[in-house]
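Here is the structure we will look at, set down as C-alpha cells.
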Amino acid sequence: MPDRHVGRFKRSASGHGLHVLYKREAPQNDFCGLDNTISSEELIDDESSVNEDVFVVGQRLSQQGDLIVELAIFVDELLWRHFSSKYGGYATAKLQDYALTMLNNIQIMYRQPSAVPQLTFRVVRYEVLSTQPSAMAPHLHNYGHAQQYLDRFCRYQKALGVRDWDHALLLTGYDIHRGSGSRSISGIARLDGMCDPWNTCTLAEGLDFTSAFIGTHELGHSVGMRHDEPYCPSRHIMSSSLGPGKVTWSTCSLRDYHAFLQRLDSRGKNCLRQSFYQEKMTIRSDVKPGQLYDANVQCSLMHGPGYQQVTPRQDHYDGICYMMWCGQSTFGRIITSHPALEGTFCGSSKWCQLGRCVPWYGGNMNPPVPVTTTLAPTTRSYAPTVSRYTVPRNSWLARKQSQLYAKRVKEMERQRFTQPIDFRRRRFYRSLLRV
C-alpha cells in the first residue's frame, strides 16, 4: 500500500476518530517489525476506499459473540533442527507440545474480560517444514531478514493448493533481523491483515516462550491494533517494546480492534464469524501453560541449561507474574526473562493470572505445582539487563543523560561561530550516550 494510505487516526477528547492520517515509523530498537505495507497484489485502486477507516467510537458491532480464528501453524527448518538436536527422537512430540502451550497462553490473552468480542483459536493445519521449501530458501530472505522472510512466507501460504485457514503463523529458529546488523526485532506481521489471503500472516521467533508474547502482539496487529504509543501508556500488550507486566489490553488497542471488526462486517468479509474446518490439534482449556512448563523450565528455555527461577531478595516471589528472573548459581548473576506464563506457581496455592499472583480458585483445574527456586544473595553482580525483551534498569538515567547531551550539543552549535569549541567537553558529553 502506498505510504499515503498507511496511517492511524488521531484520537480526540471528543471520542471521535478524526480524518487525520499519518505514517507511523517504529523505532529501530523495537522488538516488533510492524509491516504497514500491503503486498502488491492488494494495492488499493480507489483512494476513496480509505475513507472506510473512519468510524465513530462507541458504535456497536453488528453482532456480538465470540469469534473463531482458524490457524495454520508452520515451523521452519531451522527451528525443527533446534528441537531435533535438543530432544532427538522426542523432537516431534516436544515441538507440538511447545506450540500448543504457546497458543494456549495467546488464547488466554485474547479471552480477557476486557477483550470483547473474545477470540477463540483453532488449529486447522500444523506443519513442520523439516526441509525448507524452495520458495522460502534462506538466501531468498537474507538468512532471516524479517521483512523479506515475512514476504516470502505470505506468498508461500497463499499459494498452497489447499488453504483453509484465517491466519498463518510461521515459527522460526532464526534470530531475525532488519539488516545492517540490527537484531532487536523478534516478530513481524501485516497490519489489518486478518481475513485477507495475501496478508493474513505472521512471523515470530520460536526458540522459547517469549514467542507467546510476541505472537499475542503480532496477532494484535493483524486484527487492526496499532502500537499504544503515544496515545496510551506503554505498559500494555501493544506497546512497541516487550517488558514487565505487559499482559493486558489498552483502551487504544480495544478501540482499534472494534473498528477493524466493524470494517470487516461492513464489507461482508469477516471470516472470524464462521468456522468450517475441523481442528487438527486441540488447544487445552483444562490446564494453564505454567502448569505444564514451570518457572524453572521457562528459564532454561529462555537462557539455556543451568538457569532456573531466581527471586531477588528485595522482591516477593509473586513478582514473577510481572517479570520472571532467571539465574545460574555458578556465576551468581540474575537476568530478566519475560512475565511468567499463565498458571505459573507464584506462592502457596497461588498462580499467575494476567501479570498478578492470585489465589488458585480450584474448579476442574489442577492446583499450581510448586518449583524449587533460588533466593539471590544480598550482594551479587547483575548481568546487563539491556535486551530486546525489556527496558534497561537504568533507562531513566539514560534518558536524562541523553537529554543533557542533546542540550549541550545544541548550545555548542549556537556558539560555534562566536567562540572556539571545547573538544574535551564535547567528548565528555558524547561519552554519556555510551553509559
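Backbone N, Cα and C atoms are what each Cβ position is placed from, and that goes for glycine too.
Feature annotation from TrEMBL assigns active site to GLU218. The Zn(2+) binding site annotation in TrEMBL covers HIS217, HIS221, HIS227. According to TrEMBL, the domain 'Peptidase M12B' annotation covers 67-263.
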If you measure between the CA atoms of GLU218 (active site) and HIS227 (Zn(2+) binding site) and round to the nearest Å, you get 10
Cβ neighbour count within 10 Å, max among the binding-site residues HIS217, HIS221, goes to HIS217
HIS227 (Zn(2+) binding site) falls, by three-state DSSP, under coil
Neighbouring CB atoms within 10 angstroms of the CB of HIS227 (Zn(2+) binding site), all protein chains considered, total 27
